[in-house]
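Below is one structure, written out as structure tokens; comments come after it.
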Amino acid sequence: MLQQNLSRKIRKTLKKLAESMLAVAVGLVGGAALMAVYGYDFVKAYRALFLGAFGDFSGFLETLAFATPLIMTGLTFAIGMRSGLFNIGAEGQMYMGAIGAVFVGGMLNLPPIIHLIFATVFGMLAGAIWSLPAALLKISRGVHEVVSTIMLNWIAFWLVTYLITYHVADPARAERAVPAQETARYLVIGASLTTVFILVIAFSLIAYFLLWRTTLGYELRVVGHNQEAARYAGINISKTMMTSFFLGGLAAGLAGVSQVLGRPPHWTVFATMGNLINIGFEGIGVALVGRNHPIGIIFASIFYGGLLHGGRFMEFEAGVASEIVRAINGIIILALAIPAALDLVKKIFPRKNRGETG
Amino acid sequence: MNRKALTRTESILAVLLVVAIIAGAVGWTQPGQRIVETVTSTVTVGGSAQTITTTRVVTSTVTVERPISPGAIKIAVVSDIGGRGDLSFNDMAFKGGDEAEKDLGVQMVELISKTEADYVPNLETAARDPDVKLIVGVGFLLSEALLEVAAKYPDKNFAGIDTFTQALAVQKTGKPLPNMLDIVYEEHKGSAMVGALGCLLAAHYNELGGNYPYIGGVFGIEIPVLWKFEIGYKWGCDWGLKWYEQRFGKRAPLIGEDGRYGSGPNWRDGLYCPQAGQCWYKGRVLWTYTGTFSDITKGYAAAKSMYEQQAIAVYNIAGPLGLGINQAVQEIATEKRLTSGPPYWIGVDANQDWINPGFVIASMMKRVDRGVYYAALLTVIGKFKEVVADTNGVLVLGIGTKVGNLAMEGISVSTLADLDEFIKMGVDAEKLTGKKVLPMSPEEIRQKVTEMRQNLPSWIWDALTELESKIRSGQAQVPMVLTKEEVDRWRELLG
């Protein structure tokens, strides 16, 4: 029985892996076709992409630096999905995390290690608190989280823009917020990677442990599988939803924190938020590629980070126009996300069919 | 049943949304790009046409000294997040690189920064290529990134347009980097030129019976960098009106004589004379700091009130707020069915004369292309580090600026010849983005701008030529204002 179970599990994992590999292949072929249409040497370009992103140590560290915030925003979406929520609010929560880190990291004077811890925790909480309106609206009024989180994203965008422009602007540099002080910065490991990466990995492992090894995580996942059954089993749905949003918000907040306290050479947010924009949304793609699994998301983020960092080598060495580089990255990610999206559809449709026929 | 059906629709929508969001995530960086582009353009300005001859001489000398095989030396140009197609800083930098390819036989490689996080890896990618000898970062946003990468690759030359990397280096280590050149521009001189142009325009149209007592300036956030523009502009207006007095033996009509500008013990016939024998045309410039480099409606509001007070031209010193100024002008033009100014506005940084042909009298150009070109030139002739040592790593380009005995200039008022270059840039940008950039066909633009300029009397252009040569020879000293005390002093004199 146990063995049968195990082999089934392995088969399932292998199948998923095969699907992902096929998706990578499809994505690469699609990108190559696009390059061929525009007359670029795609072999040279792909070689540059992968060698640039993974071919040497400092390039790999840079890739990890790009992956760091994506691991967290991917996790936000994944935790939501695992508990049956379509939480796409990571973007706004991440902005709040970043501005929280700016407030404590840039504006306050505190002793070294305490400063860093306080700024990190404050930023994470800011992200988590920003997720609560969506949670409360969902629980009390049944407002769909897609609608509320999208709206909250925009509110966060303009709120943070306002704060950077009028309240935490660097007095000498109108284009950005005050940078985090030296006492509130993560140590640089190499290239643009800092020790915040370790914290991010730790957070992912804790999330994994929480979801699969605790009662709370079990309840969360039961709610995600079947809300009615969960209710029947006496699980407090409101509580699990709050927990799911809050955990997701902490993760997104840490994504924002990592861009302020853990990313040289600026250590701050620009008034345009150019160094934050899209990190939350890219997390959705990352989560789909990583099959909404904390460990899967780490690898998916590193892959995505590799595309972000390696893309510049396609431009530099193979002369591929930067717009085409972006399109190729898009094709690869789309192809990778399709199996997960199909899963989503499969999960939804049989149930519907049954519901309708029965 | 009903409820289930609803859930199903919802789920399909949700799946579609995921796909749309991912697709969007890949392509959607526009808002960010726009605004930063803005900031960059604001704090920059300049250019020069006079340098061409000198440069050619230098190039031929070079060829004799050190023959260059084409493509042997690579230079890398790293854009800020404005990227290609910004019609300003980045496009001009790439143009400078193109010219260096043509004249100096180097090969340019481009790296476009999509977000601020790309600056360091982009610079580093270029620096690690053994063939790349020079890496140019475009725009002050790259200052920190250049500091980091230039310190790490001491064998490579680094240059930054409008950057303050050396100031950061001194702050951090106490001395400038030996391989880094900040290229900055004398915006105050260019602003003086367009200030003179504005006030002489008013004089001309008042001669024809117009009622134009003012010129205007719309500024961004009040940061010290902009004081140079403000005082330069006001000083230029004063210079222009004094020039008119000398040339025609009388005060300029209305703007030169009117009593509306002030009265009191120090005022004499519309002039402010705090000391005997030293009088100033005070209060001729209407000026507003809008407190923003991105809110175009504030540019519109500020300019509208200036035009209502009969300002003949408004100078844009706030990047994209120029589009707001243009809107204010266009409203008047539509209402009165004008095909050409007055009213006019004055462009900044790049040649903006094509944006609304016939209504942009000229632009104060900051020649980013020259900056890139000179950095490439210095690299090719092997004098880069020498110049860094001589200048403490800050190369100032302006009017009459020199390195050793080579003229290296970077500020000018736009000419018809520049216009063609920018129309070409606009055509390229249209090809690149697929969006319409130019307001009309290139031929029409050229024709309208030419007509507008030819309708002005030649003495206006004579005056500008004279001011330029006097600045070059040092006879005219445009104040370069950097501190609060100085700006207050000059505001006392000029309003």
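Glycine is no exception: its Cβ is also placed from the backbone N, Cα and C atoms.
The transmembrane segment feature in TrEMBL is assigned to A:21-40 (among others).
Taken from TrEMBL, the feature transmembrane segment applies to A:60-80 (among others).
Beyond the ends of the transmembrane segment (A:92-110), by six or more residues, the same chain brings 69, 72-73, 76, 116, 118-120, 122-131, 149, 152-157, 159-160, 163-164, 168, 177-181, 183-185, 248-249, 252-257, 259-261, 267-269, 273, 276, 279-280 to within a C-beta distance below 8 angstroms of the stretch. The feature transmembrane segment is assigned by TrEMBL to A:92-110 (among others).
According to TrEMBL, the feature transmembrane segment maps to A:116-137 (among others).
Taken from TrEMBL, the feature transmembrane segment applies to A:149-169 (among others).
Annotated transmembrane segment per TrEMBL: A:189-211 (among others), in sequence order.
Per TrEMBL, transmembrane segment is recorded for A:241-261 (among others).
Residues or ranges marked as transmembrane segment by TrEMBL: A:267-288 (among others).
Under the heading transmembrane segment, TrEMBL lists A:295-312 (among others). If you look at the transmembrane segment (A:295-312), the same-chain residues 6 or more away from its ends with a CB under 8 A from one of its CBs are 48-54, 59, 62-68, 70-71, 74-75, 78, 201, 204, 208, 282, 285-287, 289, 322, 325-326, 328-329, 332-333, 336.
What TrEMBL lists as transmembrane segment is A:324-345 (among others). Residues of the same chain lying 6 or more positions beyond the ends of the transmembrane segment (A:324-345) and with a Cβ under 8 Å from any Cβ of it are 16, 19-20, 22-24, 26-28, 30-31, 34-35, 38, 40, 285, 288-289, 291-292, 300, 304, 307-308, 311-312, 314-315.
Contact between the transmembrane segment (A:116-137) and the transmembrane segment (A:149-169) holds: at least three of their C-beta pairs are under 8 Å, each pair 6 or more apart in sequence. Highest Cβ contact count with the transmembrane segment (A:60-80) among the listed stretches A:21-40, A:149-169, A:189-211 falls to A:189-211 (criterion: pairs under 8 Å).
The list of residues near the transmembrane segment (A:149-169) in space but at least 6 beyond its ends in sequence, with Cβ under 8 angstroms from a Cβ of it, reads 87-89, 91-93, 95-96, 98-99, 102-103, 106-107, 130-131, 133-134, 176-178, 269-271, 273, 280. Sequence-distant contacts of the transmembrane segment (A:241-261), counting only residues of its own chain at least 6 positions beyond either end whose CB sits under 8 Å from a CB of the stretch, comprise 68-70, 72-73, 75-77, 79-80, 82-83, 85, 87, 89-91, 93-102, 105-106, 116, 119-120, 123-132, 134-135, 138-139, 145, 180, 184-186, 196-197, 199-200, 203, 207, 210, 216, 220, 223, 267-269, 275-276, 279-280, 283.
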